[in-house]
């Protein structure tokens with residue numbers, strides 16, 4: 001095939017594949033089989049390899065991925081991506097309608113749309129071609145994830161229409177369908193990795209992956225819900241949605257134009273039940289003023305638009321019988337009861353297990369063998385039991401007692417004064433405690449050792465190759481290559497990951513060794529205060545209490561940990577292995593600014609765009625301090641969703657400034 005023939009065939013394949021993509025994703029119909037489509041796509045990929053000059057930016061082959069992004073560029077949004085005000089009640093929706101009518105002076109038409117639970121994305125098109133895709137970020141700036149978004153087959157790489165603006169922006173929700181979410185978790189379980197918490201977290205993590213080839217395999221999808229351009233060509237939001245569909249974007253058919261607030265309530269009542277039939281996670285309904293001119297007139301507050309509000313669904317609940325209760329032992333020795341349930345469909349997934357937390361919770365529920373219980377699922381992996389349907393209790397059934405001995409090593413359990421949990425004290429001989437400590441050691445927030453999962457740790461423990469975390473640094477190629485499922489590449493990855501972990505900062509090592517009550521934040525404070533493991537080991541209880549945020553419970557735990565000979569030997573073994581057990585000069589924290597100097601913060605709840613650790617880093621980098629509790633000396637409480645009401649109430653009583661996520665970012669950027 002010569003150049004002219006190759007170019008002609010590549011252009012033909014581009015046209016044909018775009019046509020069939022549009023049929024499948026926008027019109028829900030097909031003219032060829034998946035096999036025929038894949039054959040054409042593979043032909044295109046091979047031709048583009050042979051004739052790379054003819055590879056087009058909008059080629060369907062670009063959805064396959066393969067681009068590796070080392071670092072995501074931070075991009076300013078042309079139009080800020082503000083959060084919506086939330087409501088959970090019909091009364092507040094009626095109040096919203098009253099505010100809108102009062103502001104504009106007449107009755108208003110609304111559009112109601114499903115609020116899909118995924119990751120908000122902004123996509124810019126120039127001359128009909130996808131130009132850039134940016135995450136929501138803090139609403140002002142986000143990350144450039146264009147290569148990853150191009151792998152989503154329902155997002156057009158090129159507008160399949162004769163007319164479109166020279167430049168425009170669309171916004172949508174990237175999500176992971178339940179089916180794919182469960183498949184990914186099954187694959188992770190098969191290789192001994194922890195399950196992903198929920199589809200939203202999975203989608204968020206996938207969008208930020210460095211390798212777009214892996215992103216492509218996860219089959220993300222996207223519903224587009226907004227069109228932005230410098231001059232609106234459509235009079236209403238509903239007309240804009242229709243225009244988006246015409247251009248080839250995937251728009252949910254679930255939206256409805258509502259003439260009044262009563263129709264909004266009917267829509268909510270309908271989807272409160274029907275949403276469970278959808279193949280993806282939803283967490284509410286978005287209500288928008290339909291008239292785009294009125295949207296402009298109503299404008300924005302500092303945090304959210306005045307012309308829209310989000311109604312949030314309550315957590316779903318289902319009832320099912322308890323089949324049995326099993327007990328799990330964690331790395332600290334804490335014993336957690338878990339109920340095995342008759343399978344029940346809940347929040348889009350099949351639930352078979354629910355946590356019972358501890359003995360106090362079992363006593364509160366007054367659980368009996370065979371009880372039917374109500375199960376609620378928020379964002380957790382394992383749902384929780386909220387109450388018992390006593391009316392269905394089997395006559396003569398026995399109360400389920402909490403066990404007295406460890407379910408693994410049969411050691412008698414103990415209870416620490418002031419704690420709800422029961423513990424197995426056999427921390428040097430109880431297998432799940434030993435492997436749990438090693439799993440904790442290798443995790444991303446600790447030593448971040450690639451190539452090792454929980455299944456590998458179990459195997460190494462069974463083969464008596466490891467008995468503590470220091471043993472990881474004695475593993476050899478010859479030992480690993482003999483193990484099942486270990487090839488040359490996987491052995492090399494494991495050994496490289498272990499070697500690289502020797503450069504892990506001291507604060508992370510201190511967290512990784514697993515002293516009780518020393519989480520990542522406390523470990524960082526201890527590392528900055530004492531500078532080395534030697535100084536920490538020698539510290540008296542009085543000296544420990546002088547460190548920031550260190551109370552008597554943590555201080556006593558540290559003293560107790562270093563009083564155990566095997567722990568002292570562990571530190572010596574880690575030193576010999578070359579692990580960093582002191583701060584280097586450049587690790588001594590020097591704030592990048594003094595914006596928050598002298599200010600203390602508590603962070604609580606779940607946030608839309610940041611992990612709590614990321615918010616803590618921002619505070620520390622700007623000279624602020626992280627506090628562990630609400631006191632009169634606290635300056636700010638950064639409050640996310642699902643934070644404890646007692647903490648919020650205490651902060652309000654003490655007149656502490658309470659910041660939302662957006663308000664915190666605004667304060668940071670001011």
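Cβ atoms here come from the backbone N, Cα and C positions, even for glycine.
The NAD(+) binding site annotation in Swiss-Prot covers 34, 35, 36, 37, 38, 83, 84, 113, 136, 173, 288, 312 and is backed by sequence analysis. Mapped onto three states, the DSSP output places residue 84 (NAD(+) binding site) in coil.
Among the features that Swiss-Prot reports, active site, N6-AMP-lysine intermediate is placed at 115. Of all the Cβ atoms in the protein chains shown, 22 others lie within 10 Å of the Cβ of residue 115 (active site, N6-AMP-lysine intermediate).
Around the Cβ of residue 430 (Zn(2+) binding site), a 10 Å sphere holds 21 further Cβ atoms from the protein chains shown. The feature Zn(2+) binding site is assigned by Swiss-Prot to 406, 409, 424, 430, with sequence analysis given as support.
Here Swiss-Prot flags 591-670 as domain 'BRCT'. When the domain 'BRCT' (591-670) is classified with DSSP, helix, strand and coil residues number 28 helix, 16 strand, 36 coil.
Here the candidates are the binding-site residues 36, 84, 136, 288, and by Cα distance the one nearest residue 409 (Zn(2+) binding site) turns out to be 136. Of the listed binding-site residues, namely 84, 406, 409, 424, the sparsest CB environment within 10 A is found at 409. Taking the mean position of the Cβ atoms of 406, 409, 424, 430 as the Zn(2+) site, the remaining residues of that chain whose Cβ falls within 8 Å of it are 329, 333, 407, 408, 410, 411, 425, 426, 429, 432, 433. Every protein chain considered, the tally of other Cβ atoms within 10 Å of the Cβ of residue 36 (NAD(+) binding site) stands at 12. This prediction places the mean pLDDT of the domain 'BRCT' (591-670) at 85. DSSP assigns residue 136 (NAD(+) binding site) to coil in the three-state reduction, outside any helix or strand.
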